[in-house]
Amino acid sequence: MAVTAQAARRKERVLCLFDVDGTLTPARQKIDPEVAAFLQKLRSRVQIGVVGGSDYCKIAEQLGDGDEVIEKFDYVFAENGTVQYKHGRLLSKQTIQNHLGEELLQDLINFCLSYMALLRLPKKRGTFIEFRNGMLNISPIGRSCTLEERIEFSELDKKEKIREKFVEALKTEFAGKGLRFSRGGMISFDVFPEGWDKRYCLDSLDQDSFDTIHFFGNETSPGGNDFEIFADPRTVGHSVVSPQDTVQRCREIFFPETAHEA
């Protein structure tokens, strides 16, 4: 009975919080059924949540069908946590336009469009700026590119630092304006108000008084969109390289008796 009580307390007081792309799924692809099944097994021992830069619809598409995601996870934080769901219910939603104001927002959009107009790439497609509630997502190639084009751009970006140079130009142009920039995924980067990185979700979790919040992410180096929450003292950060690595790390921590099976 004592073991059962201890296990019940851990489920209530421990949260595993996961990034989405590269951590639970390949970039912008659906979750593997085996990974999804493992997460539900994990949920029997701890509470689980996701925090992603994408909007809610994209996260829901990757992690389930329709609104399954808010039933399968105790917490869903879309757009770095500016859109928050807890136990299937929408808690709050913030908007970047209300925070920044229209003048700064248009200056930012116009600068990005002008910069990208001068870029010469092997391919350009569509949706270069995606306007989300809590951020702008900027993609030099365009988010409508195919998977093959996404990989091609990613390889070029590693060599020529396309996104890195773009971000440096933005930092210079908008110095002192309260903006932050982070690289995420293979083809884009995010622009958001200072303090609106993935740590934003931790403020709402503070009131739930978890003993431990484990965070798992793949972009945990400086400049990556998981870095701030990974390094935050309120979390125990785990850097992973793939969904399979995420599962293995969780097995080692929460199912040590079966860790050798993976």
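Going from the start of the chain as shown, residues are counted 1 onward.
Each Cβ is built from the backbone N, Cα and C atoms, and glycine gets one as well.
Here is what Swiss-Prot records for this protein:
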MOD_RES   ALA2  N-acetylalanine
BINDING   ASP19, ASP21, ASN218  Mg(2+) 1 binding site
ACT_SITE  ASP19  active site, nucleophile
ACT_SITE  ASP21  active site, proton donor/acceptor
BINDING   ARG28, ARG132, ARG143, ARG150, MET186, SER188, ASP190  alpha-D-mannose 1-phosphate binding site
BINDING   PHE230, ASP232, THR235  Mg(2+) 2 binding site
MOD_RES   SER242  phosphoserine
According to DSSP, folded down to helix, strand and coil, what is ASP19 (Mg(2+) 1 binding site)?
coil
Pick out which of the binding-site residues ASP21, ASP232 has the most other Cβ atoms within 10 Å of its own Cβ.
ASP21
Where the distance is taken from Cα to Cα, which of the binding-site residues ARG150, MET186, ASP190, ASP232, THR235 turns out closest to ASN218 (Mg(2+) 1 binding site)?
MET186
Looking only at DSSP and grouping its letters into three states, which state does THR235 (Mg(2+) 2 binding site) belong to?
coil
At a 10 Å cut-off from the C-beta of ARG143 (alpha-D-mannose 1-phosphate binding site), count the other C-beta atoms across all protein chains.
18
Nearest by CA distance to ASP19 (Mg(2+) 1 binding site): which of the binding-site residues is it, out of ARG143, ARG150, ASP190, PHE230, THR235?
PHE230
Among ASP21, PHE230, ASP232, THR235, SER242, these being the recorded positions, pick the one whose CA is nearest to that of ARG143 (alpha-D-mannose 1-phosphate binding site).
ASP21
Please report the Cα separation of THR235 (Mg(2+) 2 binding site) and ASP21 (Mg(2+) 1 binding site) in Å, rounded to an integer.
19
If you run the three-state DSSP split on ASP190 (alpha-D-mannose 1-phosphate binding site), which class comes out?
strand
Please list residues from the chain of ASP190 (alpha-D-mannose 1-phosphate binding site) whose Cβ is under 8 angstroms from its Cβ, counting only those at least six apart in sequence.
GLY53, ASN80, MET135, LEU136, ASN137, ILE138, PHE181, SER182, GLY184, ASN225
Which residues, in sequence order, are found in the same chain with Cβ within 8 Å of the centroid defined by the Cβ atoms of ASP19, ASP21, ASN218 at the Mg(2+) 1 site, excluding those residues themselves?
VAL20, GLY22, THR23, LEU24, ALA27, GLY52, GLY184, GLY185, GLY217, GLU219, ASP226, VAL240
Fewest other C-beta atoms within 10 angstroms, as judged across THR235, SER242, which are the recorded positions:
SER242
In terms of Cα spacing, which of the binding-site residues ASP21, ARG132, ARG150, MET186, SER188, PHE230 are within 10 angstroms of SER242 (phosphoserine)?
ASP21
DSSP three-state assignment (helix, strand or coil) for ARG132 (alpha-D-mannose 1-phosphate binding site):
coil
